[in-house]
Amino acid sequence: MQKKYVVALDQGTTSSRAIVFDHDANIVSVSQREFTQLYPNPGWVEHDPMEIWASQSSVLIESLARAGIHSDEVAAIGITNQRETTIIWEKATGKPVYNAIVWQCRRSSEICEQLKAQGLEDYVRENTGLLLDPYFSGTKIKWILDNVPDARAKAKRGELLFGTVDTWLLWKLTEGKVHVTDPTNAARTLLFNIHSLSWDTTLLEALDIPAAMLPEVRPSCSVYGTTRIAGEGSEIPLAGIAGDQQAALFGQLCVEPGMAKNTYGTGCFLLMNTGNKAVRSSHGLLTTVAVGAQGEVNYALEGSVFMGGATIQWLRDELGLIRDASDTEYFASKVADTNGVYLVPAFVGLGAPYWDPNARGALFGLTRGANRNHIIRAALESIAYQSKDLLDAMIKDSGERLKSLKVDGGAVANDFLMQFQADITDVEVLRPSVCETTALGAAFLAGLAVGFWTSVTELEYKACIDKHFKPNIDASQRERLYVDWQDAVARTRS
């Protein structure tokens with residue numbers, strides 16, 4: 001039977017999805033299932049690993065059934081996943097010893113402080129590209145080994161396995177035959193040396209984590225094993241893995257130095273490819289692993305905006321200025337500018353490049369002439385300003401010239417925001433026809449690994465651009481707007 005499709009498993013923080021792509025990179029079928037969020041204590045976030053697996057395996061079957069696709073028509077399955085989330089299970093039984101500790105969970109803060117006290121903060125930064133923070137997997141592993149009865153003893157006997165969500169799904173799909181991750185996920189564990197591309201023995205010793213627990217690290221564009229869907233049909237290659245943000249970077253074909261993407265969600269995630277240079281940031285950005293055009297390891301700078309779409313939710317839910325997020329474009333376009341109004345949405349402090357947890361949100365420039373439209377416009381513009389803050393930091397750190405900005409996520413449907421992003425960054429913003437770029441990246445990696453597609457050059461013909469947003473303001477206006485934004489940010493920090 002002819003191989004016509006590639007399936008991407010997109011395992012996210014709140015739902016599991018399966019998306020089927022045809023040879024032209026068109027979406028043929030989508031299936032999605034939400035799963036339970038567990039909050040056993042303040043600041044703790046968990047998932048049930050078995051529910052993750054049940055939801056992901058069911059949507060895989062459902063996505064093919066909906067489109068009437070036989071499993072023998074599937075060339076490969078790729079995996080993309082929420083990063084950092086930590087699962088430990090028994091090697092013999094496949095039974096998790098504890099719930100998955102989610103990337104958002106802060107329970108291992110004390111362990112991070114202990115590592116800082118041991119003088120490891122700079123070592124971590126230099127060798128992993130990360131900050132010493134509970135966000136990442138390493139301290140979550142230690143917490144499980146320290147707090148689950150018999151876990152550490154079992155781990156030292158080689159009876160337990162660790163994996164991020166990609167590894168867990170691969171283990172389940174291959175019925176326990178394959179214990180593997182890829183460099184993009186390994187690089188988010190706090191245990192992976194991004195220069196040697198191997199597990200870091202110094203950090204394993206510091207956290208007392210047995211190396212035997214850890215998965216083998218294989219390239220992101222590889223065939224790892226095979227699976228049969230619902231136990232039927234032929235064996236399908238499991239062929240591409242990347243963490244969600246790196247998958248989106250590859251889905252946008254940002255495979256050369258200076259190429260960048262911004263995912264506009266609740267927050268914004270920006271990644272810039274820096275090629276074969278692991279750039280250490282002087283602006284608090286993370287250095288991480290990306291995927292190059294041949295599936296090889298590239299590096300990237302990564303930064304996040306805390307309040308993106310969440311700022312628009314605040315306008316709707318707390319201020320009642322809009323009924324729906326899509327209303328913002330209409331109201332923002334009713335005025336020529338913000339009339340001097342700036343919103344700095346530092347509701348939970350400011351992230352990179354400021355890193356000021358004590359900053360708080362504020363509206364500046366209010367006069368009797370300021371109205372709802374000005375405030376809504378200022379809220380949208382704040383997303384673009386914060387993204388520019390990060391992009392400028394990436395350019396300074398890397399020395400790369402930003403070629404263009406690829407965009408994805410829910411907010412890219414807002415033409416006003418995309419145009420202002422182009423205006424304020426003085427770079428062309430490119431919105432793709434297929435905005436499911438995270439899943440598309442996993443599909444591209446899987447398809448390339450099995451020869452379904454031959455090269456990134458071929459993929460460039462598949463990845464169509466829906467709209468180009470070109471800068472449309474002069475340099476003096478751009479500078480004046482941004483200087484005023486920086487002044488507003490400084491005021492939130494005083």
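Every residue number used here counts from 1 along the chain in the order it is shown.
Just so you know, glycine gets a Cβ as well, placed from its N, Cα and C.
Lifted from Swiss-Prot, the feature list:
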BINDING   T13, T14, S15, T266, G309, Q313, G410  ATP binding site
BINDING   T13, R17, T266, G309, G410, N414  ADP binding site
BINDING   T13, R83, E84, Y135, D244  sn-glycerol 3-phosphate binding site
BINDING   R83, E84, Y135, D244, Q245  glycerol binding site
From binding-site residues T13, T14, G309, the one whose Cα lies nearest E84 (sn-glycerol 3-phosphate binding site): T13
Rounded inter-Cα distance in Å - G410 (ATP binding site), R17 (ADP binding site): 16
Packing count at T266 (ATP binding site) (other Cβ atoms within 10 Å of its Cβ): 16
Q245 (glycerol binding site) versus binding-site residues T14, R17, R83, Y135, N414 - nearest by Cα: R83
Three-state secondary structure, Q313 (ATP binding site) (per DSSP): helix
Those residues of the chain, 6+ apart, with a Cβ under 8 Å from that of T13 (ATP binding site): Q82, T85, V102, W103, Q104
Q313 (ATP binding site) CB neighbourhood, other CB atoms within 10 A: 14
Coarse DSSP state, helix versus strand versus coil, of Y135 (sn-glycerol 3-phosphate binding site): coil
Beyond the site residues T13, R83, E84, Y135, D244: chain residues whose C-beta lies within 8 Å of the centroid, for sn-glycerol 3-phosphate: Q82, T85, V102, W103, R188, G243
Most distant Cα pair in Å, residues T13, T14, S15, T266, G309, Q313, G410 binding ATP: 20
DSSP state at E84 (sn-glycerol 3-phosphate binding site), helix/strand/coil: coil
For G410 (ATP binding site): DSSP state (helix, strand, coil): helix
Pairwise CA distance, T266 (ATP binding site) versus R83 (sn-glycerol 3-phosphate binding site), rounded so that it is a whole Å: 16
For Y135 (sn-glycerol 3-phosphate binding site), the one of T14, R17, G309, Q313, N414 that lies nearest, given that the binding-site residues are compared by Cα: T14
Length of the line joining the Cα atoms of G309 (ATP binding site) and N414 (ADP binding site), in Å: 11
